[in-house]
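Chemist: Below, the features straight out of TrEMBL:
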type	residues	note
SIGNAL	B:1-17	signal peptide
DOMAIN	B:34-172	domain 'Lactate/malate dehydrogenase N-terminal'
BINDING	B:39, B:40, B:41, B:42, B:43, B:44, B:64, B:125, B:148, B:149, B:150	NAD(+) binding site
DOMAIN	B:175-336	domain 'Lactate/malate dehydrogenase C-terminal'
ACT_SITE	B:205	active site, proton acceptor
């Protein structure tokens, strides 16, 4: 009797444990039993908004802390192969539970801990070295994904997969192929961060908050991303309308340099501190928020663009997409200039050139 | 801090002037809720990101001696400014960047090595503080300082001495984190959220912290009344082990991942919120306890303190058992033993 969990004992309707102990005073109730009585007869409901982060490196943990501080999930699971680091990170987060609104924070090497996730954020993989381009990482990270993706799918067959690891556009394609998921449930973090960096720099130039500076960077996340100058605006006022040279070589204000700073931004931070974490972590939480809260917000994220903007190959590139709790349900048809579309097609060809050599 | 090194005249001439007509011609307003974090190691950055994501300041300044790392961290945070409500994030080796701060969080210093006790760090960190503290006070003479670096109780004393600030403006993060860990672990055993378990760990942050079992309660139901043995060696349920786990937890996390940062960052943001928003919440933080509980020396230990925009506006007179008072006195003696030998403060 003493080793049965209280829950089962409460279900015996005839007599309660308290009653029994009144009859047999030698049986001592634990402090917990004296304090708390369990009254629910059914199984607990379990988590409704579970988020998993795969990879507890700097990007994974920055994503985790951003998701936690935005109160986005009722359960957070962490997975990694490095067991000590994983255990240390989960303990450190748990110790902050008093200050958070996520009651269950768990971690394991075994993917069963990720079961029933709504969103799975994949940050695992090797990171860019100083000066290394994202495309160089490919095959290293494909092999890692061949282990990770099937495990995620096994335990959360209905989840939305968000790929962050670089080169993100290729790895989102890889995740899509390996998972067998429909395309609306596989999203790459893409140029969400590039656009955020662009809007920050635009805000600095105009002395405005970035959220009031609108600008979209699409296409490949990285060196050949495409700034859509025609869309850059404040309060609907097109900046290119005020400065028709914007983004071209002849522009006396050199807005093109702003885009170059976005492209170089990651490399610069890596050179200075060894990696980037905070900005990508916050941008991941921004995307997770739209999904979990079913916001139907438009974000530039990496999705299958075959058949759009002249792209013929099965590749993933960033365009403005509507995100909600079903995943990536709609895309926005941007009106692009011919040379902007040409850049997208060129990126697609480059990516396809790499993708077709991969063994999946 | 614009990252674009074009002459302002070129930028101003076209788009900006056509787009925007200024109304107020006065110079920019100074910040009202500026927070500075000294030290951009793992703890400093965890404090920074927690403060930013909780929307606690309108300006954040970072200071460190490692210039590349400092610039990289600042840029990484700035790149996320779209997602934040802190419009100015600055950083420099020179403390001029910290001017007019309401709150300064000091995390600088060397960290505990695996197995190293907090007290061993002392003299190493005192020398670092002699460079830092006068600079802080020079540029923010009216600020409140939160000291996080270990050993926190000694270093809060050192900061108080070096700063010349009144004692209610110098706070040590103290047992705020120990109490948070305690509440989490106790709550886990009971199946409830940490905030629903009320328990205080006071005194020295670390090995000799004091769990006040007489105050532990859920919904006002005192646990010691339900279990008079609670916290003693004779307790069959071994609740004392939970406090031991709290003491060991920092060492354990350090052993597993090399350092701790997330929990301390969150706990500092919690203190920051009470101060910046003038909340008058009670937190266990390290304050000057001379003349309380029979302590005769100028030492800092954690007691329940009311925190608001004045800093530590008052201290709650905790009813402690003789044993608990004895433990506080013993900690005070140990701390004074170290403090009296410190040079040049």
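Even glycines carry a Cβ here, placed using N, Cα and C.
Keep in mind that TrEMBL annotations are predicted by a computer and have not been checked by a curator.
Could you place these features in context, so I can see how deep they sit and what lies close by?
Modeler: Each residue in the domain 'Lactate/malate dehydrogenase N-terminal' (B:34-172) gets a DSSP state, and the totals come to 68 helix, 26 strand, 45 coil.
Over all protein chains present, the Cβ of residue B:64 (NAD(+) binding site) has 22 other Cβ atoms lying within 10 Å.
Annotation note: residue B:205 (active site, proton acceptor) sits in a coil segment as assigned by DSSP. Take the CB of residue B:205 (active site, proton acceptor) and look out to 10 A: across all protein chains shown you find 31 other CB atoms.
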Chemist: Looking at the binding-site residues B:39, B:41, B:43, B:64, B:150, which ones sit with their CA no more than 10 Å from the CA of residue B:205 (active site, proton acceptor)?
Modeler: B:150
Chemist: Please find, for B:39, B:40, B:41, B:42, B:43, B:44, B:64, B:125, B:148, B:149, B:150 as listed binding NAD(+), the greatest distance between any two Cα atoms, in Å.
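Modeler: Farthest-apart Cα atoms in B:39, B:40, B:41, B:42, B:43, B:44, B:64, B:125, B:148, B:149, B:150 are separated by 17 Å.
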Chemist: Just counting, how many other CB atoms are there within 10 A of the CB of residue B:39 (NAD(+) binding site)?
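Modeler: A count of 25.
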Chemist: Could you tell me the mean pLDDT over the domain 'Lactate/malate dehydrogenase N-terminal' (B:34-172), as a whole number?
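Modeler: Within the domain 'Lactate/malate dehydrogenase N-terminal' (B:34-172), the model's average pLDDT equals 94.
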Chemist: Using a 10 Å radius around its CB, how many other CB atoms surround residue B:43 (NAD(+) binding site)?
Modeler: 26
Chemist: At a 10 Å cut-off from the C-beta of residue B:41 (NAD(+) binding site), count the other C-beta atoms across all protein chains.
Modeler: 19
